[in-house]
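For reference, the structure I am asking about is given below.
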Amino acid sequence: MFPILTGLILGGGKKTYRHIFRLSMFYVQGMAVTYTLLGLVVASVGMQFQTLFQHPYVLIGLSSLFVLLAMSMFGAFDLQLPTFIQTKLNQISNKQTSGSNVGVFYMGAISGLIGSPCITAPLSGILLYVAQSGDLLTGAVTLYSLALGMGIPLIITAIFGNRLLPKAGNWMNIIKIFFSFILLVVPLFLLERLLPEKFIIGLWASWLIAALGWLHHISQTLRPGKWASILSIITILGLSTCIVYIYTTLFTVTKTEVLSSSFIRVQSIDDLNRELTVAKHAQKPVMLDFYADWCVACKKFKKDTLHDVKVTNALQNFVLLQADVTVNNPQNIKLLMSLNVLGLPTLNFWDATAHPLPQARLTGFIEASPFLQHLIQNELIK
């Protein structure tokens, strides 16, 4: 986009800084309109199809897409618009007048389409976030902000030219590879909803080792000095952190699996009523945990809160129930609707007489200490 903007602004001859700034702003606003409309479209679709992002096939497909995008940024192959589309857009752009406000605005809008393959990877991640949010305002603001962020270096370049830009070199490739590693984080977050936690830990460890290996390679190519030493220190600290993280997390996963076995699974309203009757005869309070494999907050609650020693001791006298609603089938929908569950994780409580305690209900992630305080406030523990 740099040569496009420069050609448009300087096409009419020498201009003042104020004039260049105004034309640059028109160009960026035209580009922002394109992306804002895209955000609105994706958000409106996301409002109807948010549940698609919970399906295993969709999660695997999106993860594969982001891996391919990362590979393209690593240099495995190039992404670009089909030739006939590029030709058509160029024909339209060539008809616009250089140096006019309206012409520059239209060129900005068209350049947003022409240049979109250049930011396919980050744009795809943002579109995924917007689609999952399903909020029109979020979609519009997010994509508008993306366009403004892209526009800032364009404006600076148009005004100051090459005086502020560093010379092209290997640093550009380093930045590209850095963001390629960042992009690979998206599939890991998506697959956390689908794969066993031990497998995810292995993937995170592999990613971290690869990234640190690349940093070490970069440090070896630099001349001995401050930056080479800093990268070497980061590599050593990163590997140490990786080892500690894997050890402590695997230990936590084992404890969580043991705790999960103490939960009784309920799959229907009849199952729930039966377990409430048993708990009533045993004079024990009941906690029902609504859980799904694709719910990241559910897994965080299970790992960080339920495995806490104080929480484990506090729940020893409870009948612990769990409703796995990973699959969106009629039976699970009926169970969710019967208890007015709108989000996950949701915890429902009953006292020792099987009387429901609606004021004690919890929705969303909560840490161990606030969770214990909540149980005390509702007189479920002393």
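Glycine is no exception: its Cβ is also placed from the backbone N, Cα and C atoms.
Note: TrEMBL annotation is automatic and uncurated.
Straight out of TrEMBL:
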- 20-45: transmembrane segment (TRANSMEM)
- 57-81: transmembrane segment (TRANSMEM)
- 102-130: transmembrane segment (TRANSMEM)
- 136-161: transmembrane segment (TRANSMEM)
- 173-191: transmembrane segment (TRANSMEM)
- 197-215: transmembrane segment (TRANSMEM)
- 222-381: domain 'Thioredoxin' (DOMAIN)
- 227-247: transmembrane segment (TRANSMEM)
If I count Cβ-Cβ pairs under 8 A between the transmembrane segment (136-161) and each of 20-45, 57-81, 173-191, 197-215, which range comes out on top?
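It is 20-45, which has the most Cβ pairs under 8 Å.
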Mean pLDDT, the domain 'Thioredoxin' (222-381)?
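Averaged over the domain 'Thioredoxin' (222-381), the predicted model reaches a pLDDT of 82.
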